[in-house]
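**Q** One structure coming up, written as structure tokens, with questions to follow.
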Amino acid sequence: MPSSVTALGQARSSGPGMAPSACCCSPAAVQRRLPILAWLPSYSLQWLKMDFVAGLSVGLTAIPQALAYAEVAGLPPQYGLYSAFMGCFVYFFLGTSRDVTLGPTAIMSLLVSFYTFHEPAYAVLLAFLSGCIQLAMGLLRLGFLLDFISYPVIKGFTSAAAVTIGFGQIKNLLGLQNIPRPFFLQVYHTFLRIAETSVGDAVLGLVCMLLLLVLKLMRDHVPPVHPEMPPGVRLSRGLVWAATTARNALVVSFAALVAYSFEVTGYQPFILTGETAEGLPPVQIPPFSVTTANGTISFTEMVQGRFSCFGLQLRMNLPCSSQQLAPLQTRRRILQLTSTCSCYLWGGDMGAGLAVVPLMGLLESIAVAKAFASQNNYRIDANQELLAIGLTNMLGSLVSSYPVTGSFGRTAVNAQSGVCTPAGGLVTGVLVLLSLDYLTSLFYYIPKSALAAVIIMAVAPLFDTKIFRTLWRVKRLDLLPLCVTFLLCFWEVQYGILAGALVSLLMLLHSAARPETKVSEGPVLVLQPASGLSFPAAEALREEILSQALEVSPPRCLVLECTHVCSIDYTVVLGLGELLQDFQKQGVALAFVGLQVPVLRVLLSADLKGFQYFSTLEEAEKHLRQEPGTQPYNIREDSILDQKVALLKA
């Protein structure tokens, strides 16, 4: 829809390139903060029809996924629905992408499970604190920080998350119970107890996966509907499109109907979702403390990782001295709890989560928004997206939501349904609220194996096998941060991301400290750094020049070609000054060519003895080939002085 794209694009600024003198209360500034003002005045009936269809399609996808993702997060099913509607309403006002839908996702659910010990109070508090951090980043325009997380690190994390989430649902797919949540223990116990597989759950789960796969393939291969088609063909293809788009809802409804049929007969071969709290969530402030049978856990203790399980307060990562002083019965009770309360072994404290969850939420959402903005030819404002996500999590915590972000799968459904504006989210949000108010009693009969099938099919595309082959072909060194992130994320998520980012940073620093240089042999020796010069590269550049020009017999003149050098620092200036002295002692010359104005200004300010620069390589070669004692070619003291004064005044 070109007109909707234009309207949405009008609200976007160029970010850092925006004029700083713009008033914060000007119409343009208000429109940047409220993108709805860009497209609402031109909203049409045709857009309304398209947005309604798209919102309905996304809603039918969001409801079963929300129930399934609550299982991944280790929370009661209703918390998935509590998290699925606030983003629809907030993004309606603040979103800069017409396609993006905010809500629970597989990756965020995995992180919530890891950092909140499967306790709703901790999950809601994490949503509030994550929202505050994201909102502050948006207000301070810190979106550029996300650029320091490289693509291989993101792919390593998402691939590890896909494996962790997918394998975590095998127990529900096979009907196995009391399987611990830590990944390696989960793998071990799943294969150890494979003989206890429930035939009913396994058959139903595999049938649901097969149905989802077939419906997805149909969705990908059904030709689009065109107005010139006969009415019957358009109707049939429209019905196929609707059925395949809402495949999650159809498959879950089918599984629930099968389970209900067995319930009526008095025999139930499936493990069911069970009771789901009815009605809309209460509006209340996030829990900044938790009252247990043993007392009250304060806000500080919650953030530090203290939690209560079965009336017993535990603290993560107990020091050895504390474990030795604990009563014997308490230690035995903790060992008993590890089989059912796996959060003790597997969870991380919320303090670390406050660094990982907001960051990964922003990365996932902005990556989705940029992908679809590029595909559909419009622009987004990354800092405005931070505001939208942060406010969604803050307000969502008032209705018991856990942290949410942009969903790639539901955004794809939204785009494929022909959405024109963020107004499609209103339909999705209303549909989720209606399901909470009227359908929760029916969720009782949804088999867990059906939800497991939905999750597995949703996360399967996150494991990108092509990226390994691509990096092997394009740049094999980038496989290092990808593999480091991928492997360590199975241990602890924050360590995987941190290690991958650190490896990427070290690779970046190595290229800055050891820039490639191109050496050309000719009438004079020419050395050209392939990138900029900064203080880590000063010593490497000095060694390269000495080995090429002064440590040979006889010593040679050298031209330093600086076309690619856009800035230098004081350490580099000192190194160049020492090189000029070394060249003078050997009776040869060092000349500079292609200096950009900022670099030339710095070098002239330093008053380096013997500094000579030329505008072209030919001029430098003509000067260096002259007999000793002759005047430099095309260089006069008064011209140097005039240029120096002009540059320093600039």
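Cβ coordinates come from backbone N, Cα and C, glycine included.
Predicted automatically and left uncurated, TrEMBL annotations should be read as such.
Below are the features I grabbed from TrEMBL:
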{"type": "TRANSMEM", "residues": "52-70", "note": "transmembrane segment"}
{"type": "TRANSMEM", "residues": "76-94", "note": "transmembrane segment"}
{"type": "TRANSMEM", "residues": "123-144", "note": "transmembrane segment"}
{"type": "TRANSMEM", "residues": "156-179", "note": "transmembrane segment"}
{"type": "TRANSMEM", "residues": "199-218", "note": "transmembrane segment"}
{"type": "TRANSMEM", "residues": "239-262", "note": "transmembrane segment"}
{"type": "TRANSMEM", "residues": "352-373", "note": "transmembrane segment"}
{"type": "TRANSMEM", "residues": "385-404", "note": "transmembrane segment"}
{"type": "TRANSMEM", "residues": "442-463", "note": "transmembrane segment"}
{"type": "TRANSMEM", "residues": "484-509", "note": "transmembrane segment"}
{"type": "DOMAIN", "residues": "524-608", "note": "domain 'STAS'"}
**Q** Can you tell me how the residues of the domain 'STAS' (524-608) break down into helix, strand and coil by DSSP?
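**A** Counting residues per DSSP class in the domain 'STAS' (524-608), I get 42 helix, 13 strand, 30 coil.
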**Q** Most CB pairs under 8 Å with the transmembrane segment (199-218): which of 76-94, 156-179, 442-463?
**A** 442-463
**Q** How about the transmembrane segment (76-94) and the transmembrane segment (239-262): do they have 3 or more C-beta pairs under 8 A, pairs 6 or more apart in sequence?
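**A** By the criterion, they do not touch.
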**Q** Taking the transmembrane segment (442-463) as the reference, which of 123-144, 239-262, 484-509 gives the largest number of Cβ pairs under 8 angstroms?
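**A** Stretch with the highest Cβ contact count: 239-262.
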**Q** Mind pulling out the one from 52-70, 385-404, 484-509 with the most Cβ pairs under 8 angstroms to the transmembrane segment (239-262)?
**A** 52-70
**Q** May I ask you to check whether the transmembrane segment (123-144) and the transmembrane segment (484-509) make contact, with contact taken as at least three Cβ pairs under 8 Å and only pairs 6 or more apart in sequence counted?
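**A** No; fewer than 3 Cβ pairs under 8 Å.
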**Q** Under 8 angstroms for C-beta pairs, at least 3 of them, ignoring pairs fewer than 6 apart in sequence. Is the transmembrane segment (352-373) in contact with the transmembrane segment (484-509) by that rule?
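**A** As far as Cβ distances go (cut-off 8 Å, pairs 6 or more apart), the transmembrane segment (352-373) and the transmembrane segment (484-509) touch.
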**Q** Take every residue in the domain 'STAS' (524-608), average their pLDDT values, and give the whole-number result.
**A** 89
**Q** If we skip the immediate neighbours and take only residues 6+ beyond the ends of the transmembrane segment (484-509), which ones have a Cβ under 8 Å from one of its Cβ atoms?
**A** 110-111, 114, 148-150, 152-153, 156-157, 159-161, 163-164, 183-184, 348, 352-353, 355-356, 359-360, 477, 536
